[in-house]
Amino acid sequence: MTHRVFIDGAAGTTGLEIAERLGGRSEFSLITLDEGRRKDAAARAEALNAADFVILCLPDDAAREAVAMIANDSTRVIDASTAHRVAPGWVYGLPEVSGHAVVAEAKRVSNPGCYSTGFIALVAPLIREGLLPADWPYICHAVSGYSGGGKALIERFEADRDIAWRGYALSLGHKHVPEMQARCGLSLAPLFSPAVVPAHRGMFVEVPLPLAAMQGAAAPQRLWDALAAFYAESPVVGMGTAPDDGELLLRASSAGSDRLDLFVFASPDGSQARLVARLDNLGKGASGACVQNLNIMAGLSETAGLRL
Ligand SMILES: NC(=O)C1=CN([C@@H]2O[C@H](COP(=O)(O)OP(=O)(O)OC[C@H]3O[C@@H](n4cnc5c(N)ncnc54)[C@H](OP(=O)(O)O)[C@@H]3O)[C@@H](O)[C@H]2O)C=CC1
Ligand SMILES: CC(=O)N[C@@H](CCC(=O)OP(=O)(O)O)C(=O)O
């Protein structure tokens with residue numbers, strides 16, 4: 001059976017990478033709109049309603065509009081934008097945490113934010129297991145490659161080679177915070193400080209833990225063991241190999257990857273730890289995750305077409 005797929009926003013950064021991963025796969029046929037019609041509402045409405053699966057790679061408002069244009073019960077949607085990540089009726093498309101069966105059955109799947117993917121993958125299982133407190137004010141630092149900001153940020157970083165680091169979300173209202181809080185079941189919003197570095201793609205997300213001050217927190221080895229057990233069956237998420245030389249590098253020349261690697265670093269006395277997630281913002285952080293969800297929803301191998 002061939003599934004008809006329409007990528008709305010196919011000319012953008014995320015959309016192009018999804019098309020690349022689906023290219024040549026016989027299970028899918030892509031519905032495409034030429035350059036002159038890709039923003040035409042009537043043409044989009046027709047494509048949205050003709051597809052078995054729609055993948056929205058659009059700004060939030062355009063994603064909401066696209067969903068409203070679907071006038072049938074059969075088209076299933078994966079939304080890469082922030083529009084529906086805590087919306088009722090939408091399944092959160094992190095199958096390792098939400099459950100594969102839930103994603104497989106869903107009509108509406110909201111793909112997680114790139115930073116949120118790292119944070120939730122690290123924190124949610126540990127809260128669930130009772131190894132970290134749900135009422136702690138978590139802090140999250142992260143760096144992203146500039147493709148995380150789509151076409152506009154790519155253009156800016158490639159035009160101004162002098163930017164070595166860009167801190168942002170300085171008023172502490174980043175759009176990923178609500179999904180981080182909701183999907184981990186935290187009583188307090190995490191304090192999130194993201195930054196962009198002059199690499200096209202790649203991401204590190206870090207959660208520092210002053211364990212000695214956190215009531216109910218387990219020792220670092222137990223945190224590592226619990227994450228390793230939680231992701232033991234996953235072909236996409238797993239524990240990274242701790243570096244021998246004591247450093248983690250994000251290389252500007254790194255190839256894309258759809259993996260998510262987790263680390264737990266700790267002080268010798270176990271009083272402090274750093275949870276770290278390494279991913280590609282365009283891989284498990286966006287396009288790779290869309291394709292993984294599409295595979296699961298279509299009843300195919302979850303890793304088909306992924307770069308692991
Ligand atoms: N880049 C990343 O790493 C990640 C991105 N996302 C999310 O995915 C979505 C897409 O992001 P990204 O690909 O980076 O962004 P881009 O800016 O690279 O691409 C967005 C595309 O949508 C098109 N578009 C805008 N409005 C409309 C409309 N009304 N109808 C049809 N097409 C429209 C744009 O057209 P035009 O080419 O004319 O500008 C552009 O091609 C966003 O919601 C983003 O937040 C999520 C996780 C990570
Ligand atoms: C570097 C950069 O700008 N990153 C984007 C997030 C990318 C992402 O995950 O986007 P969505 O949540 O919109 O899907 C940002 O911080 O707004």
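Including glycine, each Cβ sits where the backbone N, Cα and C put it.
Summarising the annotation, TrEMBL assigns active site to C114. DSSP gives C114 (active site) a helix state. Counting Cβ atoms from all protein chains shown, C114 (active site) has 27 others lying within 10 Å of its own Cβ.
TrEMBL lists 4-105 with the feature domain 'Semialdehyde dehydrogenase NAD-binding'.
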Averaging the pLDDT values of the domain 'Semialdehyde dehydrogenase NAD-binding' (4-105) gives 97
Counted with DSSP (H/G/I as helix, E/B as strand, rest coil), the domain 'Semialdehyde dehydrogenase NAD-binding' (4-105) has 40 helix, 19 strand, 43 coil
